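Note sheet for the following structure.
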Ligand code: GDP
Ligand code: ADP
Ligand code: 5GP
């Protein structure tokens with residue numbers, strides 16, 4: 001029997017670096033996939049529909065809610081964001097690990113439905129640095145950046161609800177720390193027992 005994959009929930013204030021960290025993790029880990037959320041926010045320059053997000057209208061989003069298609073959804077800033085239930089369940093049942101990059105409201109809903117998930121919160125080293133990163137990313141208007149900065153504290157206030165807390169100061173250090181969480185989970189006794197069942201039987205029958 002294939003072992004079920006692990007669901008990872010990652011939250012952070014906008015601009016803390018979660019998308020960059022997850023992208024770097026995915027580049028060297030073939031067992032993990034990231035969920036592509038649905039969103040009603042406008043597409044940014046450089047983003048691809050279906051890859052970064054599924055960009056939909058408010059009407060389509062509401063119809064999907066009615067159909068029960070979302071594992072979780074929430075209003076974030078002035079838009080709606082949601083995670084496809086079917087896609088996540090399919091990946092996990094195939095033994096793939098899945099990452100959700102979602103806000104604290106979504107994280108609360110996922111924890112209720114999937115208590116075995118692993119949750120991580122990523123902090124920026126300071127508020128000044130957070131603004132610098134949002135500005136440096138060059139994808140949002142000043143008005144959007146100001147709005148995201150004003151919401152940052154509301155997101156950060158929820159950090160205690162997560163199992164792991166990472167500070168994304170030096171990028172490579174934060175990436176190594178993120179990888180360590182994935183490695184530790186995969187080394188848990190019950191997972192290793194299943195993965196190495198034949199070897200363990202062999203060892204013990206010597
Ligand atoms: P970013 O924070 O700069 O990457 O900006 P985004 O516009 O990509 O994301 C905005 C917010 O929406 C973030 O706080 C995400 O965590 C959250 N978000 C993205 N996708 C989802 C989702 O599927 N569900 C929920 N609940 N939140 C999401
Ligand atoms: P989020 O997905 O949390 O909104 P991003 O991954 O888009 O954040 O990162 C925001 C900006 O900060 C990007 O321009 C990214 O290149 C930059 N960034 C991410 N991590 C670091 C870091 N450790 N040091 C400096 N800049 C960073
Ligand atoms: P952005 O619009 O900058 O890509 O994302 C803004 C915020 O929305 C991020 O902090 C991100 O975590 C959150 N977000 C993105 N997708 C989802 C989602 O599917 N569900 C929830 N709850 N939040 C999401």
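Just so you know, glycine gets a Cβ as well, placed from its N, Cα and C.
The model shown is predicted, which means the values in this text are computed figures rather than measured ones.
Here's what TrEMBL has on this protein:
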- 12, 13, 14, 15, 16, 17, 18, 19: ATP binding site (BINDING)
- 5-183: domain 'Guanylate kinase-like' (DOMAIN)
Any idea what the model's mean pLDDT is for the domain 'Guanylate kinase-like' (5-183)?
96
Of 13, 14, 16, binding-site residues neighbouring ligand 2, Cβ under 6 A:
14, 16
Provide the number of Cβ atoms within 10 Å of the Cβ of residue 12 (ATP binding site), excluding the reference atom itself.
26
Annotated binding-site residues 13, 14, 15, 16, 17, 19, filtered by Cβ under 6 Å to ligand 3
14
Give the subset of the binding-site residues 12, 13, 17, 19 lying near ligand 1, defined as CB under 6 A from any of its atoms.
19
Can you give me the residues near the recorded ATP site, meaning same chain, not 12, 13, 14, 15, 16, 17, 18, 19 themselves, Cβ no more than 8 Å from the center of the site's Cβ atoms?
122, 124, 130, 133, 168
